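A.B. asks: Have a look at this one.
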């Protein structure tokens, strides 16, 4: 009988070694991923922290600069009030936005302010309104010597003052309709609204409330 081979198969050993190496690499990668993620996240926090620190320092420096500028302006103002010379301080040529806005606002107020030389017109400068009755007398050469003449003059003056009754006709008709339409509905319950409005219009043409009819009525006509 031939002897049994007791040595190790090199191919099998190499395959097992490769599998073990691949498994070890996969395990190492798997273990490293959480650590990398942790440090990556920690780097973000560090960057944000540094950014906040820089912004805070910038705000502090800006506030300090504004305080120095305010103090300088107060010292200059105080020196001017006392009549002394303002201290010679090396000022920055940079103009702040607040100073620009303040200058523009003052300039706008000066432009919008009314001219002090322009005064309100006195009662002597305002033209007097024309007396209608006097104009009627002058134009028509009517002189009121009696009561009847005065009534006639007033009637002419009233007619001259109200030459456009049609301008008041719409408002007068609206008031007439609101007052008379309920009565017509009660007296004619079977009529439609269009019929009632036709009837109302006929009454309006004859009504003394119509400005067109008032124009033709003489001033001293009996009521």
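The backbone N, Cα and C atoms fix where each Cβ goes, glycine too.
Sharing the feature lines straight out of Swiss-Prot:
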- 44-82: coiled coil (COILED)
- 18-74: compositional bias 'Basic and acidic residues' (COMPBIAS)
- 99-126: compositional bias 'Basic and acidic residues' (COMPBIAS)
- 141: phosphoserine (MOD_RES)
- 194: phosphoserine (MOD_RES)
- 1-126: region 'Disordered' (REGION)
- 204-223: region 'Disordered' (REGION)
A.B. asks: Long-range neighbours only, meaning 6 or more apart in sequence with Cβ under 8 Å: which ones does residue 194 (phosphoserine) have?
C.D. replies: none
A.B. asks: Kindly state the mean pLDDT of the coiled coil (44-82) in the predicted structure.
C.D. replies: 87
